[in-house]
Each structure stands twice: as structure tokens, then as C-alpha cells.
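Undergrad: TrEMBL feature annotations, pasted as is:
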- 16-26: compositional bias 'Pro residues' (COMPBIAS)
- 40-173: domain 'EamA' (DOMAIN)
- 191-324: domain 'EamA' (DOMAIN)
- 11-31: region 'Disordered' (REGION)
- 39-57: transmembrane segment (TRANSMEM)
- 159-178: transmembrane segment (TRANSMEM)
- 190-210: transmembrane segment (TRANSMEM)
- 222-245: transmembrane segment (TRANSMEM)
- 251-274: transmembrane segment (TRANSMEM)
- 281-300: transmembrane segment (TRANSMEM)
Amino acid sequence: MAGSHPYFNLPDFTQPSPPSTPPSLPSPQRCRPSDATKGLLVALLGGGLPAGFVGPFSRMAYQASHFPSLELLICRCLFHLPIALLLKLRGDPLLGPPDVRARACLHALLNVLSIGCAYSAVQVVPAGNAATVRKGSSTMCSALLALCLESQGLSGYDWCGLLGSTLGLIIIVGPGLGTLQEGTTGLYTALGYVLAFLGGLALSLGLLVYRSLDFPSCLPTVAFLFGLVGLVGSVPGLFVLQTPVLPNDPLSWSCVGAVGILALVSFVCVSYAVTKVHPALVCAVLHSEVVVALMLQYYVLYETVAPSDIMGAGVVLGSIAIITAQNLSCEKEGQVEE
């Protein structure tokens, strides 16, 4: 009876529209990023870009007040300790479950060694070059370790991106390695490159160990353990190997605070990303740190950037684009096939 009224004929107009709505619903789902894409974007925006500021800021603190690397590591670890409050509020053990506590502490130790080597290298090697060697070694070591220990394969596009990023790093560092000075200066420079390489190796091992951890509150636990293990290992070493410095200028304190905050953000984002995507691809995307460090090296530290550095940075950016685009296209193809 109500349908006979002329005004109630209007809803009949909309009857053809409901069948058209279900086909339009899957379109946002097709564009939804996959876990691999999320991991790569988090590694790029939250891991690589903030980390690119850490090396130049560390060098600025050293140039301003000769801030020792171990003291800088201690200051960075202090920013990780307040995470204990979060674990306490959630009722989780500070050191993690007993069955995985040893691996969690090993992960923290490897990260402390990686950061300590990086901070020591950046004091004798230009910030961009130190970041280049560290990221290059972490990428290749992560790929080899994952293939040997986890038997994880990579696609042809992934290998193309990895090899391209490694080629870009070689272009950046190669000329500098070929012109090392003889004597004490050249020895210290070579030692800086060795420390940067060892830092990348420790980083790749730490990422592999983190992928084996699987328990609730894993991320805050390893972040707190990094600060705890770093303090336990760095405080005695500071008084034995280096001389503590109390800077008086605001520039040094600003650089130290910026290093602590940016490094904490990068640590959390990289730890999250490595659970979503292959660690070698995460390390490859983290090469964006090299580009940021080179830009700050030139515009802020006023250190020379050679044409080979610019060329290598372009190759690195192109490789990152290949890796990211390949993962985006794989998600679309998989959903179309479904």
C-alpha cells in the first residue's frame, strides 16, 4: 500500500545500485599494501631517513667537544630505559620469557656492538662513507645468512635491487679506498672502514636473531634490553678505553639528544620491518641513510662530496625504487589471480 504512493517509488530508483556496490568494495582491497610493502615503507621512512641524521650529528658532537663514542652510546641507551615502564604497565617481564631470554640478550649485544663500531668509525671516516660501508656489509651479510641458515629465496627483482644498491655503495667508497694515505692517518682511516664493516656484520646477525624471537611484547623487550646491555658494557669501557667528557656548549647537548631520539625511532622501525620482509631487503632500503648522510655531510658539515658519491647515491635510490615497486606489483598480481 505504501509502495503505491508516488513518492514511495523513489526508492525503486536506487534498487539497481545495490548490485553495483559489491564490485566496488574490493577495489580498495586491491590497493591495500601487503605486509612486505608495509615493512619496506616503515624501514624507509622510519628507519633509514632518521638514521641518516645520526652519523652527522655524532660527528658534530665529536668536533664540538670531542665527545667519545662510548659516552655517546651511553646517552643513547638512556633513551631506551623508560620503555621498562611500558613493560611494567603491561605486566610483562623486563628480560622477556625465560625460554628466549638468552637470544633476546644476544640480539641486544649484537646491536650494541654494531652501534659502537658505527660511532667509532664515524669519528675517523666521513659520515657518509661510514654509513655506506656499514649498510653495504649488512645487506650482503643478511642475504647470505638468510640463504644459508633460513633457506629463503629472493626473486630476480630483489637480487637486481640488492646488487644495484651494493654497486652504488662500491661507487661511493671505492675511490676513497684507493687513495688511502700512508702512515698513521691512513691506518686510522682503514681501521674506521673495518669498524664500519664489522658494524654492518653485527647488524645483520642481530636482525636474523630478532626474526627468531616470537613472543608478546617482543619489540619493547628488545628495545629495553638494548639500553640495559649497552649501559652495562659501555660504562666500564668508557673509563678504561676513553676519557669521559662533559660538554658545556648547547650544540653538543642538542646533537646528543637528537641522536638518542632519532636512533630510538630507527631502532623500533627497523625491528618492526624485519618481521614483515626479508632482512636483506630491509637493509637495502636502509641505504637511504647513506643518501641523507651524504647530503648532511656536504651542506652541514661542509665536507667534500665527490662526483662518485653523487653517482653512487643515484644508483642506491634507483635500487630502492626497484625493490619497493617489485613488492607493490607482486601484491597486485596476487590479488588479481585470486
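Cβ atoms here come from the backbone N, Cα and C positions, even for glycine.
Each of these features: where is it, how hidden is it, and who are its neighbours?
TA: For the domain 'EamA' (191-324), the predicted model reports an average pLDDT of 85.
Sequence-distant contacts of the transmembrane segment (39-57) (same chain, at least 6 residues past either end, Cβ-Cβ under 8 Å): 33, 118, 122, 127-128, 130-131, 255, 258-259, 262-263, 265-266, 268-270, 272-277, 281-282, 285-293, 295-297, 300-301, 320, 323-324, 327.
Long-range Cβ contacts of the transmembrane segment (159-178) within its own chain (Cβ-Cβ under 8 Å, at least 6 residues beyond either end) map to 126, 128-129, 132-133, 135-136, 139-140, 143, 193, 280-281, 284, 287, 290, 294, 306, 308-309, 311-316, 318-320, 322-323, 326.
Long-range neighbours of the transmembrane segment (251-274) within the same chain, counting only residues 6 or more positions beyond its ends whose Cβ lies under 8 Å from a Cβ of the stretch, are 39-40, 42-43, 45-48, 50-51, 53-54, 57-58, 60-61, 64-65, 67, 72, 75-76, 78-80, 111, 115, 207, 210-211, 219, 222-223, 226, 282, 285-286.
Long-range contacts of the transmembrane segment (281-300) within the same chain, counting only residues at least 6 positions beyond its ends with a Cβ under 8 Å from a Cβ of the stretch, are 36, 39-40, 43-44, 47-49, 51-53, 55-56, 60, 126-128, 131-132, 135-136, 138-139, 142, 154, 158, 161-162, 165, 168-169, 172, 203-204, 207, 270, 273-274, 309-310, 313, 316-317, 319-320, 323-324, 327.
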